[in-house]
Amino acid sequence: MLWLTVSLTGFALLGVVAAQQIEGFYYPYHLLGLSDGCVETLNTTISSCSQVLGQQANLDSGAVRVLVAPDLNELCTTACVDDLKSLKTKIQSTCSKDDVMVKNDIAYPGSWKAQLESPFGYDDSLASDFSSQTSSCHATGFTFTTPTAYALNTTATPAPTPICQRTYTVLATDTCASIAQANKVATFGVVSLNNLGTGCEALVEGKTLCLPETCTLRKITRDDDCGQVVKDANTTIPRLIAWNPMLNPECSNFLDYIGYYICISCLLRTPGGSAKPIEGETAITAVPVPTNANAESQKNCAKWYVVQPGDGCADISVANGITLVDFYFLNSGVNRDCTNLWLGYAYCVKPVGNIQTYPGYPVTVPSTSFTRPPALTETSTETLVLPTPTYAPGTYDNCSDYSRGMPASWSDAAKLNSCSFIAHINGVTVSQLLQWNPSLSKDSCSLSRELYYCVRMGQPVSEPIDYDGTLCMNIQDDKDIVPGTISNCNCFSYVSGGLGKLYTTCEDIVSEFDYDVGHLVELNPWLTKANCTKELFADLSGPYDYRYFCISNTGDPLHQSPAKSQTRTIHTTSTVQRAVISTPSSVSMTNSAPATATSTGGPPAPTQDGAVSNCTKWHVVESGDGCWAIYTKYGITSDQLFEWNTKISKDCSNIWLGYAVCVGV
């Protein structure tokens, strides 16, 4: 499914939208000097219109994004259009010709005239529109003088061409993540330097890539966070952000890059986080400020960059060898979420001399200890405050995983939001979901899109998870089936684009159904065994872009007896709104403990292999237990639990239900 865009004609109602209230978007109409009746009418909430309309009308001053099919289905409803037309008619009848919106005591024609007479505000198209509108309104007294163009004898530095220290030729089986891992470079560097797109969709066999500098790597998993990564790497959050410029200053977008390899140590970066200048490249004088420079950028600048279509702040910083933090400092008018870059305008991308000498530059001061009578040691600390999602009422606050429901407009949303399905893919039971989320109802248990729920407490227990539903998706339109799929397929699943394609392969998928890639290709002849993964995800750009594929022509494979062994792997997603098979991690589940387990007289139940002989305290594994839950319950550390139970793996995927583990010596 290809990305879809909204035609400009879709904004024909923009004037109406801006004069009323969409849920979640508010405007102080009472401050505009309008009549009481007009204000009351304008203050009407149109509940039938989606918040997507407010976002696309730019009511939140954010970025207008490209929409995909589910967004369009939510946006383009007959009820919304009818209600907007009705409100427009009511506004026209309630608000008189004296109800003129005068913001900040400036009449609109007058402010427009002043703008057109300024060399900084004049534009031929705006001038034509102004003349046309004042003429149609029979407004007089607004004749303007075309200003003399304001010019400098300089132009902005053209977009730089990346200098490649190394190159790489793409193979048929490559992904952005595999290239990054093999060459010891960050995934984002590979993606941004070569304009491959967030989902790596522009990666083509035979293409020559420019590789970024090497560094020590770590792959982001769904269980990571910035604090844990910097602790493990013995570094700091400012350094981590400096080495990985796609991370925002608060590091709150860390989990947007699950599956990416990031730098946790980089020799070519200074400890403070700024890009270390290559010898001889430190600028000592500023270049002339270009005529198209952003007004709020530093004028004491050694290099300017003109924003091109598709650019983002992180892309610009990587291409110009500057950290994202420094880019924001040199261009203070840019929002920290980079939603207000102006196309065709120039931004400063290189300081003059040492950027730390600029007034107002935030300098990181090392931790300091000093003594004064009486002796007192003070140590500076670094605090990271991350935004928190809205949790369901009463939901446990110590869970290891949270999730929310899919949008109602999605195919099979009711099934995929059901507690039985959520429990199944997370390796827990419905009873546990109800226990961890008291707001959920046993009779109609389903996750809401607006709230986050606890879906896992520690690691899942190694036991089969009952699920009486089906993995088969309900296809609404046969046109969604890829041509060439076998005609007798009676069970479909689907995959999504975006980050999902970075860590999902055909091998991951078939491992769930106990057959090989060859059989998957037989079910879907439009795939080939040699390029199965690439063909499965072809043209899937974003996380809301998905494709159906056949997983069985003999019924739901979930309810068929496994042919090869008792062990089955259920792949899970970090958030429920991703496609069913989009796998950053997996939970291994077994039907029973191995028959070789032994029992002793002391423990209250059979023990797992590897328990120490001097154990004095035991815990019998119950449904819902995981390593985190066990060592937290007994006030011990994870290291102690693994030391006393040497055969338990670090990911706790092999503890056995009903067996005793040592929790004290």
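Counting starts with 1 at the first residue shown.
Note: Cβ is positioned from N, Cα and C throughout, glycine not excepted.
Between the stretches 559-584, 585-610, Swiss-Prot puts its region 'Disordered' entry on 585-610.
Most Cβ pairs under 8 A with the domain 'LysM 3' (303-349) among the ranges 166-211, 216-264, 409-454, 617-663 are made by 216-264. Between the glycosylation sites Asn234, Asn531, Asn531 has the most other Cβ atoms inside 10 Å of its own Cβ, all protein chains included. Of all Cβ atoms in the protein chains displayed, 11 besides its own lie within 10 Å of the Cβ of Asn398 (N-linked glycosylation site). Cβ-based crowding with a 10 Å cutoff singles out Asn43 as the top-ranked of the glycosylation sites Asn43, Asn614. Ranking the glycosylation sites Asn43, Asn234, Asn398, Asn531 by Cα distance from Asn614 (N-linked glycosylation site) puts Asn398 first. Cα spacing between Asn531 (N-linked glycosylation site) and Asn234 (N-linked glycosylation site): 40 Å, rounded to the nearest whole number. On the 0 to 100 pLDDT scale, the domain 'LysM 1' (166-211) averages 87 in the predicted structure. Taken residue by residue, the domain 'LysM 2' (216-264) breaks down under DSSP into 19 helix, 8 strand, 22 coil.
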